[in-house]
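Trainee: One structure coming up, written as structure tokens, with questions to follow.
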Amino acid sequence: MAKAKFERNKPHVNVGTIGHVDHGKTTLTAAIATICAKTYGGEAKDYSQIDSAPEEKARGITINTSHVEYDSPIRHYAHVDCPGHADYVKNMITGAAQMDGAILVCAATDGPMPQTREHILLSRQVGVPYIVVFLNKCDLVDDEELLELVEMEVRELLSTYDFPGDDTPVIRGSALKALEGDAGQYGESSVLALVEALDTYIPEPERAIDKAFLMPIEDVFSISGRGTVVTGRVEAGIVKVGESVEIVGIRDTQTTTVTGVEMFRKLLDEGRAGENCGVLLRGTKREDVQRGQVLAKPGTIKPHTKFDAEVYVLSKEEGGRHTPFLNGYRPQFYFRTTDVTGAIQLKEGVEMVMPGDNVEMSVELIHPIAMDPGLRFAIREGGRTVGAGVVAKVTA
């Protein structure tokens, strides 16, 4: 059979495996890639290729992740798997591999374990929108009632963290049996059922270009006779000449009109997501705009000073702090293109945060920044990164 050629026209969805150590995340990843390649075309990867995860840098933090790709009948999936628990924490907080949905792997022999719970909490905090469950190692449990019990526990745990536990697809199977080509109920058919659950339960993500216009401002220029130009990379949506935009963050929100868009010194009618462009603003003075603000479609994003966040604190080995920090610590928070000083408040009962920890905290900034839940930031001290975080909830 000739190799199926890679189709770019299928919708692209990002997923990943989460769950407790040794519950079978990497084996399942290999099984999905292998069985999809066999059934729907594409290239298979074996367990050893996935397990030897290469190091990546995201915001100066070293993370080990493996990426595999596979096709279902209707989609192309990019799947991320991490070898160690710390890699998951870093990956999810930095957004190095954004997930449109996660596959929670839970061994039926163990039931939910500490990292099962922690990964569900992290998914909630960093805004992973959907979770599908694969109950693994079901071939090793001969009591149907025990399987029912474990499934119920997992569903309750999901509900605890505001995921719809009762409606979440739970697939029973054995990643190892599937990988070995087993034709029984827990073999290949369980993995195909999982892929079908991904296809139906995780909605197609909205593309950046279809979202509301947003462009972080990197630079501001004054062009004599033309006015003020702000430059940056369009993060989402499209901006057209003649449209109204808001300048949000740091100062009071201003509304202005786009009188020109240029890219590489050429005039355009519009700037689109992913493009670096200059936007000419009508009647805006050079001193009214600064780096760190954003241009946005009116009414779509608001400036805030207070938020709750999930933060990973770099270890000493990663170039982070050598000592813990306490309540009231005031570092710089780097959002998009600029640093803003903020004070942190730790949760009750937490005295200090050690390098290498991940922690929930509340932050109050000295200037407002345009933000929504899911926005990533770095924590810096004297120009070096000491942490990475994500906005879990805006509070003021």
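Cβ coordinates are placed from backbone N, Cα and C, and glycine is handled just like the others.
Below are the features I grabbed from Swiss-Prot:
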| type | residues | note |
| --- | --- | --- |
| DOMAIN | 10-206 | domain 'tr-type G' |
| REGION | 19-26 | region 'G1' |
| BINDING | 19-26, 81-85, 136-139 | GTP binding site |
| BINDING | THR26 | Mg(2+) binding site |
| REGION | 60-64 | region 'G2' |
| REGION | 81-84 | region 'G3' |
| REGION | 136-139 | region 'G4' |
Trainee: Where does ASP22 (GTP binding site) sit in DSSP terms: helix, strand, or coil?
Mentor: coil
Trainee: Give me the long-range Cβ neighbours of LYS25 (GTP binding site): same chain, 6+ apart, Cβ under 8 Å, in sequence order.
Mentor: THR17, ILE18, GLY19, ASP81, VAL105
Trainee: In Å, rounded, how far does the Cα of CYS138 (GTP binding site) sit from the Cα of THR26 (Mg(2+) binding site)?
Mentor: 16
Trainee: Whole-number Å distance between the CA of HIS85 (GTP binding site) and the CA of THR26 (Mg(2+) binding site)?
Mentor: 13
Trainee: To which of the binding-site residues GLY19, THR26, CYS82, HIS85, CYS138 does the lowest count of other Cβ atoms within 10 Å belong?
Mentor: HIS85
Trainee: Give the distance between the Cα atoms of CYS82 (GTP binding site) and the residue listed as 'Mg(2+) binding site', rounded to the nearest whole Å.
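Mentor: The Cα atom of CYS82 (GTP binding site) is 8 Å away from the Cα atom of the residue listed as 'Mg(2+) binding site'.
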Trainee: Where does the mean pLDDT land for the region 'G3' (81-84)?
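Mentor: The predicted confidence over the region 'G3' (81-84), as a mean pLDDT, is 88.
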